[in-house]
Amino acid sequence: MTAEQNVLSLTNIHKAFGGVVAIQDFSLDLKAGEVVALVGDNGAGKSTLIKIVSGVYTPTSGSIELDGEEASFSDASSARSNGIEVVYQDLALADQQPVFMNMFLGRELTKPPFGLLDKDRMRRESQELVDELDVRIPSASSTISQLSGGQRQGIAIARATHWASKLILLDEPTAALGVAETARVEDLIENLKKKNLAILIISHSLDQVFRLSDRICVLRRGQQIGIRETAKTDKNKIVSMITGVA
Amino acid sequence: MTRVTSRLNGLDFQQAVVYFGFLAIFLFFAVTLYDDGFLTQRNLTNIVLQTAPATIMAVGLVFALSAGEIDLSFGSIVAVSALSCAVILQDYPLPLGVAVGLGVGMGIGAFNGVLIAYLKLPSFLVTLATMGLFAGIARSMTDLRSIPVMNDTFTGIFGSGKLFSVPSLVIWTVIGVAVGHLIYRHTRFGAHVLATGDNPRAAQVSGIKVPRVRLYVMMICGGCAGLAGLLYAGRLQAAKYTLGESDLMTVIAAVIVGGTALNGGKGSVIGALLGSLLMGMLNNGLILMNLKVSDQMIVRGLIILVAVALSLRDSNR
């Protein structure tokens with residue numbers, strides 16, 4: 001391998017639910033600062049793969065390495081504590097809570113001596129974070145339900161950025177968004193590359209995939225069809241890989 | 001400054017209803033019932049004393065509702081806790097009686113909670129069933145007899161006593177609301193309760209132990225009902241199976257009017273206090289107006305309907 005170490009190495013990952021094979025012999029390496037897109041038709045196994053990496057599912061066989069070390073996650077919390085964050089398509093945000101509480105959901109900051117919530121600090125740090133990523137929201141105290149879909153996804157991505165030290169998984173982050181909002185979120189993802197995080201993104205939009213990714217990995221019915229460098233391929237080739245029609 | 005304005009923006013109509021409603025009803029009775037002594041210090045203190053158990057129950061219910069659950073059984077828990085405590089106090093010292101009273105409340109809450117959190121049964125149905133179950137147990141415990149509470153220390157602490165000339169029931173109300181508010185607004189647990197009621201999946205993927213939160217809110221609700229039972233037993237110097245029986249509607253109405261969402265994710269302990277006082281004021285005022293019991297029920301029902309409608313106004317966008 002190169003001198004640059006892989007952030008994530010998946011080797012011969014296999015996942016079966018009972019007799020149904022969802023993922024067959026999947027291998028992929030991800031480097032820091034790299035965006036890899038996972039494409040394929042519905043049911044190809046993209047979401048299953050994301051769930052394996054994020055600790056929701058354990059693979060039937062195969063190995064996951066993080067920074068060159070064998071990792072096995074018993075649940076989503078342990079993947080999270082290893083620096084892996086997921087941004088879901090349906091936005092895992094609590095709508096009636098303010099932005100800053102969502103930013104720190106499950107990891108709220110407290111202050112001594114009584115261990116009460118440090119709302120001021122959470123508000124301040126959230127504000128800094130959304131400013132840094134240029135997520136335009138009225139304030140860190142706004143309630144999520146007052147925000148647009150794009151702003152919400154911005155918050156979800158900002159949250160993932162804040163907590164991820166290694167890897168961010170994006171599961172169709174713009175599926176629910178309009179054109180302008182999608183563009184905003186894509187800008188955000190571009191920004192994440194500069195933070196030297198590895199990014200794995202699922203998307204149904206090939207235009208988006210070609211705009212954002214460094215490499216494209218194609219899945220079809222649980223099988224890994226191939227990995228291509230985005231700069232050295234074109235849409236027609238990827239489409240024929242996805243559909244299996246030459 | 002930005003914080004002030006953002007707070008003002010955050011002050012929404014649902015939360016404000018209880019403040020305006022409280023003031024409106026207070027002013028209405030103050031004017032119309034002035035000659036009947038509504039405004040006397042004694043009458044106003046009485047309202048607070050009479051609502052103390054309901055307020056404590058309301059604090060517990062805020063937690064359950066905010067987590068997306070409901071407790072219909074707290075009225076029955078009040079009776080079972082009060083009776084257990086009274087029975088113990090006949091032969092044993094005060095601390096044991098108090099511990100048993102509170103323990104029974106939290107225990108029944110835990111029973112509800114395990115069924116809801118770990119067997120994943122809907123809280124509405126679970127507590128509907130346990131409401132009947134424990135109402136029956138309360139009746140059979142003492143064969144419908146009422147148990148007198150002779151322990152003067154107990155009736156002082158939980159009923160008629162005073163500390164620095166402040167009635168103990170007022171102190172319990174203040175402590176219950178203050179502690180409840182602190183936990184609800186300023187602890188991680190409170191934040192987890194709100195997140196669980198708001199979006200259980202988001203809470204789950206954020207590492208919050210959702211089932212444990214559900215268990216704990218039911219235990220809090222049961223514990224508060226247990227304390228309410230002690231307050232009833234202290235004030236009436238007796239425990240009976242009827243205690244708490246008629247509080248279900250009043251307490252739910254108080255909590256909803258106080259700005260707590262029926263489907264979770266949002267609420268206010270202070271609002272619940274005001275809601276509870278509002279219900280107490282209503283009771284008191286309608287009695288002073290010399291309305292027949294049947295008319296009182298009708299007027300109270302209508303006012304609750306209006307208040308609940310107002311406080312839920314924009315929640316079904």
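Heads up, residue numbers simply count up from 1 along the chain you see.
A Cβ is built for glycine as well, from the same backbone N, Cα and C atoms used for every other residue.
Any TrEMBL annotation is an automated prediction that lacks curation.
Sequence annotations record features per position, and here TrEMBL assigns transmembrane segment to B:16-35, B:47-66, B:72-89, B:96-118, B:124-142, B:163-184, B:215-234, B:246-263, B:269-290.
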Fill in the blank from the handout: Beyond a gap of at least 6 residues from its ends, the CB atoms lying under 8 Å from the transmembrane segment (B:96-118) belong to 69, 71, 73, 77, 80-82, 84-86, 88-89, 126-127, 130, 134, 151, 154, 210-212, 214-227, 229-230, 233
Handout entry: Positions whose Cβ lies under 8 angstroms from the transmembrane segment (B:246-263), at least six residues beyond its ends
Key = 14-15, 17-18, 21, 53-55, 57-58, 61-62, 65-66, 68, 70, 72, 74-75, 78, 131, 197, 228, 270-276, 278-279, 304, 307-308, 311-312, 315
Practice task
Please work out whether the transmembrane segment (B:163-184) lies in contact with the transmembrane segment (B:47-66), by counting C-beta pairs under 8 angstroms that are 6 or more apart in sequence and asking whether there are at least 3.
Solution key: yes
Exercise for the section: With a Cβ cut-off under 8 Å, give me the same-chain residues at least six positions beyond the ends of the transmembrane segment (B:16-35) that come close to it. Expected result: 257-259, 271, 274-275, 277-278, 281-282, 284-285, 288-289, 303, 307, 310-311
Exercise for the section: Answer with yes or no whether the transmembrane segment (B:269-290) touches the transmembrane segment (B:47-66) by the criterion of at least three Cβ pairs under 8 A, sequence separation 6 or more. Expected result: yes
Practice task
Could you tell me what the rest of the chain brings near the transmembrane segment (B:72-89), counting residues at least six beyond its ends with Cβ under 8 Å?
Solution key: 53, 57, 60-61, 96-98, 100-102, 104-105, 108-109, 112, 124, 127-128, 130-135, 137-138, 141-142, 147-151, 154, 221-222, 224-226, 228-230, 232-233, 238-248, 251
